[in-house]
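Asks: Before we start, here is the structure in question, set down as structure tokens.
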Amino acid sequence: MSDSEPAAKPQPQVSHRGRSAAPIASSNADGEEVPEFEPFGLMPRGPPPLREFLDIWDVNMLRKPDEVNKRQHTTHLYANDHLIVRRGQEFQLKVTFDRPYKPSDDQFAVEFVIGGSPQFSKGTYIPVSVASDRQSPWAGRVLDSADNVVTVGITPAPDCIVGKWRTYVAVVTPYGIRRTRQDESRDVYILFNPWVAADSVFLDDSNEREECVLNEVGVIYHGAFDDVSERPWNFGQFDYGVLDACLFIMDKAAMPITNRGDPIKVARKASAMLNSRDDDGVLVGSWSGDYTYGVAPTSWTGSTEILLNYSSSKMPVCYAQCWVYAAVFNTFLRCLGIPARVVTNFFSSHDNDGNLKTDIILDENGRIDKQRTKDSIWNYHCWNECYMSRPDLPQGFGGWQAVDATPQETSDGMYRCGPASVQAIKHGQICFPFDAPFVFAEVNSDVVFYSRNPRDGTLEPVKVNSSHVGRMVVTKAPGQDTRRDITDQYKFPEGSPEERTVLEKAEEYGCQREKAILPEADVELDMPLIEVRVGDDFELKLEFNNKSGQARTGDVYVSGNVVYYTGVTSSEFLFKTPKVTLDPMKAEKKVIQVRSQDYMRKLVEQANLHFIATGKVKETGQIVTAMRVITLHNPKLSVQVSGLAKVSEEMFVTVEFTNPFKFNLEDVYVRVEGPGVMPPKYKHYSLILAGSSLTWTESFTPRREGPTKLMASLDCAALRQVYGQAQLTVKP
């Protein structure tokens with residue numbers, strides 16, 4: 001994977017002329033003026049006598065947060081003055097005429113238009129008649145008529161295009177159609193609707209729906225499977241400007257307007273557009289450690305700042321790694337109404353050849369051959385799941401779909417991944433679109449140790465670990481700040497008959513596994529988990545167990561490496577070769593001292609230490625191995641809130657941090673934000689001396705009631721992944 005992504009080349013603009021009568025509409029921002037008067041045919045001289053026909057005085061979209069539409073459609077949280085509704089569900093508007101409406105004499109319709117060159121046949125021009133004898137693609141009816149005011153109910157089709165529609169009211173006269181002029185305040189956003197069974201994103205579980213559509217505060221899991229760390233994230237899907245930024249992403253991708261009602265196409269297009277590799281998408285990925293020309297991935301606290309920067313600058317935002325891609329993608333999906341969640345897979349294989357094997361090469365003494373070992377296993381990898389039906393797949397493969405915006409491998413020529421049915425992955429049915437073999441390998445690869453013959457270079461498998469990769473898949477539990485283990489949704493229990501059947505099924509579709517049957521070793525090696533803080537000296541324990549009735553001896557090679565979370569080694573800081581003698585049926589411990597001065601200068605941003613021990617039993621020639629990832633725990637930020645927690649009342653947040661190290665921290669950025677209460681803010685400190693503290697107090701004014709969080713991060717080259725949060729409940 002490259003350290004940073006090159007800017008995409010501008011795509012040549014090819015004329016449509018000679019191929020079709022009009023270009024394909026691919027921008028929600030485009031729109032033509034619809035004529036205010038559309039004559040039916042030849043007109044009499046002079047202006048037509050329209051006075052006896054209905055004249056429209058006002059159109060009230062009932063778009064305020066406390067009015068009926070946004071409450072019924074669960075869109076009242078959006079910081080947006082326009083009407084926002086969900087498809088497949090009725091909304092209301094009030095039309096005021098110059099006189100009382102007479103159903104027997106008067107004809108009027110509400111027209112909805114999206115994109116350029118709107119056409120009825122393409123579903124981009126929708127006239128909705130309120131007369132019962134007229135058929136419309138969307139249902140319309142008169143709910144109430146009092147004096148001059150008519151209340152109209154309109155139900156968009158449950159598969160209609162998602163985006164920003166322009167609204168007109170048109171009155172039919174004998175001479176032609178007379179309509180309101182374009183008024184931006186009457187524009188209406190129509191979103192996917194997981195509350196309505198006819199919508200393809202319908203989610204029947206109310207707790208899951210509340211979490212995966214409406215919750216703005218997320219928890220992203222990282223670290224190691226047996227030492228899970230977590231960080232808060234402000235998805236901010238309701239923040240000011242975010243909805244328009246999400247529509248801009250589809251415009252920037254030149255996605256045809258007519259495809260924007262299909263969540264499969266929307267999710268697939270967005271998985272390409274969230275990274276900048278081919279298409280000037282949202283985020284530039286970097287794993288280099290040098291973030292001079294942007295924001296370090298570990299510094300971000302939410303999606304809002306990223307999306308607003310992208311929509312205003314029209315340029316990719318620097319920088320991201322997998323959890324940033326997943327978090328911003330989650331915001332995009334939830335904002336448009338597609339249920340979505342961020343998942344973390346611990347020990348995630350990056351399989352670029354589909355062979356379901358991660359190869360580790362050993363020399364004849366049992367020591368790792370670093371020149372020839374090219375594969376890596378990510379300590380963890382974050383992607384997304386979105387919920388939708390899959391009419392393009394056999395029955396049973398709808399529901400949660402894996403999608404991934406992190407640019408790892410190309411799919412159909414672009415860096416994207418998914419949507420891949422999680423059910424299909426679990427059952428080995430990886431022949432179905434999209435990218436199921438890649439996700440299957442991420443959770444199912446074997447780690448195979450090979451001994452290399454120095455004479456002819458041949459490789460012989462000496463040990464297979466089939467349970468290391470995909471050790472645990474987790475996501476946030478609905479309505480709680482706790483994690484939920486969803487490994488069983490991706491695969492059957494290790495070693496179960498079902499798992500064997502699934503792997504055989506995957507092999508039918510081209511995946512290859514290591515078939516060698518190796519004798520069971522009679523010597524076991526384990527490295528127990530230890531919890532270590534950044535800057536600590538600690539003891540690494542090797543536990544040997546001889547299960548045979550004879551003595552066993554051997555040389556063990558212990559390598560300690562600073563690794564990126566992608567599993568790529570940055571530098572080796574420790575190498576020991578203890579000799580081991582084991583009595584029959586006995587256990588033995590070896591202790592290796594690890595000093596902070598050896599690893600601190602070499603740390604990279606995720607503060608991961610990776611220890612691997614390999615050795616060869618002299619009496620039997622068997623290989624023993626053990627691997628351990630130690631995530632160094634960082635100090636925390638203190639986040640305190642003061643003031644009266646009421647809407648529109650000024651409050652204060654104080655972020656405090658003490659440098660616990662014997663060295664100074666330079667070029668430090670502190671960020672803080674909270675959905676519904678505080679936009680993203682940051683402060684730069686050029687120096688925090690060893691042992692000294694910083695205190696930053698910032699004012700904010702909550703704009704809406706309810707429980708929320710303030711999230712803060714501290715970030716510098718010497719110390720990454722420092723977070724804190726405070727909870728508060730805002731009263732009306």
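The backbone N, Cα and C atoms fix where each Cβ goes, and this holds for glycine too.
Where the annotation comes from TrEMBL, it is an automatic prediction and has not been curated.
Annotations per TrEMBL:
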REGION    1-43  region 'Disordered'
DOMAIN    314-407  domain 'Transglutaminase-like'
ACT_SITE  CYS322  active site
ACT_SITE  HIS381  active site
ACT_SITE  ASP404  active site
BINDING   ASN444, ASP446, GLU494, GLU499  Ca(2+) binding site
Asks: Nearest to GLU494 (Ca(2+) binding site) by Cα distance: which of the active-site residues CYS322, HIS381, ASP404 is it?
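Replies: Considering only the listed active-site residues, the nearest one is HIS381.
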Asks: Taking 8 Å from the centroid of the Cβ atoms of ASN444, ASP446, GLU494, GLU499 as the cut-off, which other residues in that chain fall inside it around the Ca(2+) site?
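Replies: Once ASN444, ASP446, GLU494, GLU499 are set aside, the remaining close residues are SER466, SER467, VAL469, GLY470, LYS491, GLY495, LEU503.
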Asks: With every protein chain in view, how many other Cβ atoms are within 10 Å of the Cβ of GLU494 (Ca(2+) binding site)?
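Replies: A 10 Å sphere around the Cβ of GLU494 (Ca(2+) binding site) contains 12 other Cβ atoms.
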Asks: About how far apart, in whole Å, are the alpha carbons (Cα) of ASP446 (Ca(2+) binding site) and HIS381 (active site)?
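Replies: Distance (Cα to Cα, whole Å): 17 Å.
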Asks: Give me the count of other Cβ atoms within 10 A of the Cβ belonging to ASP404 (active site).
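Replies: So the number of other Cβ atoms within 10 Å of ASP404 (active site) is 31.
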Asks: Round to a whole number and give the Cα-to-Cα distance in Å for the pair HIS381 (active site) and ASP404 (active site).
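Replies: Distance between the two Cα atoms comes out at 10 Å.
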Asks: If I take the alpha carbons of GLU499 (Ca(2+) binding site) and ASP404 (active site), what is the distance between them in whole Å?
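Replies: Answer for this pair: 24 Å between alpha carbons.
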Asks: Between ASP404 (active site) and CYS322 (active site), find the distance joining the two CA atoms and give it rounded to the nearest Å.
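Replies: Just about 9 Å between their Cα atoms.
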Asks: How big is the Cα-to-Cα gap, in Å, between ASN444 (Ca(2+) binding site) and CYS322 (active site)?
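Replies: Given the Cα positions, ASN444 (Ca(2+) binding site) is 20 Å from CYS322 (active site).
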Asks: Let's see if you can do this one: DSSP helix, strand and coil counts over the domain 'Transglutaminase-like' (314-407), in that order.
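Replies: Summed by class, the stretch gives 15 helix, 39 strand, 40 coil.
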Asks: If you draw a 10 Å sphere on the Cβ of GLU499 (Ca(2+) binding site), how many other Cβ atoms land inside?
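Replies: 17, counting other Cβ atoms within 10 Å of GLU499 (Ca(2+) binding site).
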Asks: At a 10 Å cut-off from the C-beta of HIS381 (active site), count the other C-beta atoms across all protein chains.
Replies: 28
Asks: On the 0 to 100 pLDDT scale, where does the domain 'Transglutaminase-like' (314-407) sit on average?
Replies: 89
Asks: Tell me the Cβ contacts of CYS322 (active site) under 8 Å, same chain only and six or more apart in sequence, or just say none.
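Replies: Counting only residues 6 or more apart in sequence, the Cβ neighbours of CYS322 (active site) under 8 Å are TRP378, HIS381, CYS382, TRP383, THR406.
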Asks: For ASN444 (Ca(2+) binding site), list the number of other Cβ atoms lying within 10 Å of its Cβ atom.
Replies: 25
